[in-house]
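Participant: One structure, pasted below without further comment.
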Amino acid sequence: MSEKSDSNDDKSRTRSVVYVYSPEYIQTCDSLSKVPNRASMVHSLIEAYGLLKYMRVVKPHVASIEEMAVFHTDSYLQHLHKISQDGDNDDPQSADFGLGYDCPVVEGIFDYAAAVGGATLTAAQNLLDGKCDVAINWAGGWHHAKKDEASGSCYVNDAVLGILKLREKYDRVLYVDVDLHHGDGVEDAFSFTSKVMTVSLHKFSPGFFPGTGDVTDTGLGKGRWYAVNVPFEDGVRDDRYCQTFTSVMQEVKALFNPEAVVMQLGADTMAGDPMCSFNMTPVGVAKCLTYILGWELPTLLLGGGGYNLANTARCWTYLTGTVLGQTLSSEIPDHEFFTEYGPDYSLEISPSCRPDRNESQHLERVISTIKGNLKNVV
């Protein structure tokens, strides 16, 4: 699986990269019922490909209530802490905080939220301290959580915490979200400010969660024009996605001129994901990532969605190789989860034959609208 941008190889090989990891952190993240053992699968494949030796592995700290309260309300955090200890699914207040249905209450869920929040804060702090050019937390990227409620399997919005940490040093921070779902929690958090621009490329369709993120959603008040949304229909493939991404990001860079970047790389866009929506491969996402890395700004990389666990591990391992300028063998190395990659035991993900519902003329209109909106950025 060797398709990489040659022009970026020299830069990527000299890039300083921090990888946030500890056995305890991975074990905690493995407990999330939506993606059981996914954190272990991702880390094990990265390790099996020998990529750890090219990065500085940093143990994450666990976020305190005070650190999470920089964004989340005390009442939400205190309630999450209380029910986490009890494992109480019947607390009548839980529904007010978005807990239940898609964010089930399980024992230890507060510890999970604190672990993820702390890991992203650890990554951001390493960027602030100049200890790396890129920091990675693949178990982070939970972009739906609101300040006072859980949402969409997200109990803490670690992406928002990471952005706020970077804002301690960098005046303008750009958030880029290529998850299948609209990054609504992050957009909402910064919808009234011109200091953080949010760019989300996602599926936008009636009845599809979270139901927000049309091209006309552009922010509010002082933050108007600082939210950029790129809606896609089902079936989009690498080429069309990357062309759209590049057209939008070129304009964003020129007009917003960010000083740091947070990029959420949810892998539920992959062909073969149970969401059965987009038709992408790691090669396409890597092209988007390479474009951002070419700006040579402090960059925080986060995970997100991805419900075909093997494909998610394939994707994030390939992206880790991209960051490091390492070409990875197509053959999955022998390791603890080797049997999960059958029947072909290959790193590649092939697109399916499903149709692309995105018409070129429609996407051109979307891009034109976005470029017109961005002209209002001052």
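Positions of Cβ are set from backbone N, Cα and C atoms, glycine also.
A quick note: this is a predicted structure, and the numbers were derived from the prediction, not measured.
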Participant: Please identify which of Asp96, Asp102, Asp111, Asp268 is recorded by Swiss-Prot as part of the divalent metal cation site containing Asp179, His181.
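Facilitator: Among Asp96, Asp102, Asp111, Asp268, only Asp268 appears alongside Asp179, His181 as divalent metal cation-binding in Swiss-Prot.
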Participant: Would you list the other residues of this chain near divalent metal cation - those whose C-beta lies within 8 angstroms of the C-beta centroid of Asp179, His181, Asp268 - in sequence order?
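Facilitator: Neighbours found: Leu180, His202, Lys203, Gly266, Thr269, Met275, Gly304, Gly305, Gly306.
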Participant: What's the CA to CA span in angstrom from Tyr307 (substrate binding site) over to His181 (divalent metal cation binding site)?
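Facilitator: Rounded to the nearest whole number, the Cα-Cα distance is 13 Å.
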Participant: At a 10 Å cut-off from the C-beta of Tyr307 (substrate binding site), count the other C-beta atoms across all protein chains.
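Facilitator: Taking all protein chains shown, Tyr307 (substrate binding site) has 19 Cβ neighbours within 10 Å.
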Participant: Counting distance between Cα atoms, which of the binding-site residues Asp179, His181, Asp268 is nearest Gly152 (substrate binding site)?
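Facilitator: That would be His181, nearest by Cα distance.
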Participant: Would you mind pulling the longest C-alpha to C-alpha span across Asp102, Gly152, Tyr307, which the record has binding substrate, in angstrom?
Facilitator: 14
Participant: What does DSSP assign Tyr307 (substrate binding site), in three states?
Facilitator: coil
Participant: Using a 10 Å cut-off, grab the number of neighbouring Cβ atoms around the Cβ of Asp102 (substrate binding site), all chains included.
Facilitator: 14
